[in-house]
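What follows is a single structure, written as structure tokens, with notes after it.
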Amino acid sequence: MSKLGVLLTICLLLFPLTALPLDGDQPADQAAERMQAEQHPLFDQKRRCCKFPCPDSCRYLCCG
């Protein structure tokens, strides 16, 4: 049984569970969030930033 524990420990050290991509990290999800920010009423299309006050729902920089 201890050999199995050692093998499991070695496998987890070589391939940690944090190396697996999460659903929120997918490029498709990031593009969808970016599109939502561009449709935000405070988003300035020309300057590509959010007008002040910058809400949390806007994913871009604040214009200032």
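In case you wondered, yes, glycine gets a Cβ from its N, Cα and C as well.
The signal peptide annotation in Swiss-Prot covers 1-19 and is backed by sequence analysis.
The DSSP secondary structure for CYS49 (disulfide bond) is strand. Here the Cβ of CYS49 (disulfide bond) has 17 other Cβ atoms within 10 Å, regardless of which shown protein chain they belong to. Taken from Swiss-Prot, the feature disulfide bond covers CYS49-CYS58 (among others).
Around CYS62 (disulfide bond), taking its Cβ as the centre, 13 other Cβ atoms fall within 10 Å, counting all chains. Annotated disulfide bond per Swiss-Prot: CYS50-CYS62 (among others), in sequence order.
As annotated by Swiss-Prot, disulfide bond applies to CYS54-CYS63 (among others), with the evidence given as similarity to another entry.
If you look up Swiss-Prot, you'll see CYS63 marked as cysteine amide, on the strength of experimental evidence. The local packing around CYS63 (disulfide bond), expressed as other Cβ atoms within 10 Å of its Cβ over all shown chains, amounts to 14. The secondary structure of CYS63 (disulfide bond), as reduced to three states from DSSP, is coil rather than helix or strand.
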- What is the Cβ neighbour count of CYS50 (disulfide bond) at a 10 Å cut-off, with all protein chains included? 22
